């Protein structure tokens, strides 16, 4: 998605060098995707092997000076999530951004994710409701394709901050996929104001919440 | 066991119990004795159990959020509309068991007389309970589901999985290996980011020798309820599932449009096929279900004659 497919990961004295995705070198990336010979290769690993790689990603990558390390996880509350929390905890502060879509079926799973956070002592920075509405490009009618309101309702029920809703934007998807400069195209997207506002909240509130 | 030493050579490998990293592992003696390399007796037990199950279908997806559980639920509903067809839906998404909600169940296990459901969701006392289990414990649960549930005489057992190619998928395939899986249905959305993960899923099926029944492209096109014009919310930047299936010579079972009523029906625990039977999405589902039935019909087990069709 960040136009880094096919890039190689190099070694230096302090470990693997993460891949920079922008010219200013403000965003670096590490992924198992860089270690595969082909993008179609399936990673058919059981838990212990995944745990070992995640630990390596934290301790053996030369991240350098970072303001934020953002960790994207698969759905669920299993090996990857436990491994990430265990590997990152010594390097605090650590918090969770929990993403849901608006419908009840999704919220039903995300409630369990919040329990995971509570049980592992992971502070929840807030909930984001994604895919929240689609504005028809032909007539500008907004349709709640995946229902509505679940994220805000969940935040209210669980006493966790609601950070905002992000609408669907096919042009953003297209930009990510066609290898266009998403960082340059992104400000034009209707998703941009929502994501910007969420980012601002994380930037301003996270340090206080996670101290 | 849950805590495996880093560098564990694998319980089935020649180095099991003998490697340097085996020192101090509580299973070292067991592995060194060769017990780890013996096939799990549960595989034969499950084979016996599955003799009364005519067709077993795995529903897979590379990515989360593509509508796999929605599809599994409606495949079950669609097949069970014929009251002479016995259907069961097994939900092995241990951490995200959404099947009970989609099927409108709160603890009961039968939606209809001929449609039963099993899920770890039924074993949780609260909707907030999290199943924070590592791989080995999830595998144990899947083994129990397959071996210890009284499935009875079934025409179809549908197995809904979490996204990916990990413990749950390996276990399901392993435990059903002697019982002969009819095949896998793979769900995707049209965009390349999703298709990329489907190709991995297809490679997984080839690796573990599971036949592929075909691919379903979900969230294909959106029709605005106001102006009725079409939009592609998830653009098929590389031709969608259609081009991928042509390239890989795998059947495209069908394309399902994005209909907001599907999500609403799921949230209410109702079958979308009965809520909106004339909708384009319901018609697409029915056509796909028919193709799956045809695939299963052409692949009758030769070695066993099953009574009562």
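From the backbone N, Cα and C atoms, a Cβ is placed for every residue, glycine too.
Lifted from TrEMBL, the feature list:
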type: BINDING; residues: B:8, B:22, B:25, B:31; note: [4Fe-4S] cluster 1 binding site
type: BINDING; residues: B:62, B:63, B:64, B:65, B:66, B:67, B:68, B:69; note: ATP binding site
type: BINDING; residues: B:224, B:227; note: [4Fe-4S] cluster 2 binding site
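In this entry, B:65, B:227 stand out among the binding-site residues B:62, B:65, B:227 as having a C-beta under 8 A from a C-beta of chain A. In sequence order, B:61, B:163, B:187, B:188, B:189, B:218 are the same-chain residues whose CB sits within 8 A of the CB centroid of B:62, B:63, B:64, B:65, B:66, B:67, B:68, B:69, the residues recorded for ATP being left out. Between the binding-site residues B:22, B:31, B:66, B:224, B:227, the minimum number of other C-beta atoms within 10 Å of a residue's C-beta occurs at B:227. Counting other Cβ atoms within 10 Å of each Cβ, the binding-site residues B:8, B:25 show the lowest value at B:25. In the shown protein chains, 18 other C-beta atoms lie within 10 A of the C-beta of residue B:64 (ATP binding site). Between residue B:67 (ATP binding site) and residue B:224 ([4Fe-4S] cluster 2 binding site), the C-alpha separation comes to 20 Å. The CA atom of residue B:25 ([4Fe-4S] cluster 1 binding site) is located 38 Å away from the CA atom of residue B:65 (ATP binding site). In sequence order, B:163, B:188, B:189, B:193, B:194, B:197 make up the list of same-chain residues 6 or more apart from residue B:63 (ATP binding site) whose Cβ falls under 8 Å from its Cβ. Within the set of binding-site residues B:62, B:66, B:68, B:224, the entry lying nearest in space to residue B:8 ([4Fe-4S] cluster 1 binding site) is B:62 (CA atoms). Comparing C-alpha positions, residue B:68 (ATP binding site) sits nearest to B:224 among the binding-site residues B:22, B:31, B:224, B:227. Long-range Cβ neighbours of residue B:62 (ATP binding site) (same chain, at least 6 residues apart, Cβ-Cβ under 8 Å): B:163, B:164, B:165, B:186, B:188, B:194, B:196, B:197, B:198, B:199, B:200, B:201. Under the three-state DSSP scheme, residue B:31 ([4Fe-4S] cluster 1 binding site) falls in the helix class.
Of the candidate binding-site residues, B:31, B:224, B:227, the one lying closest to residue B:64 (ATP binding site) when CA atoms are compared is B:224. Less than 8 angstroms from the CB of residue B:69 (ATP binding site) sit B:91, B:93, B:98, B:99, B:102, B:160, each of them six or more residues away in the same chain.
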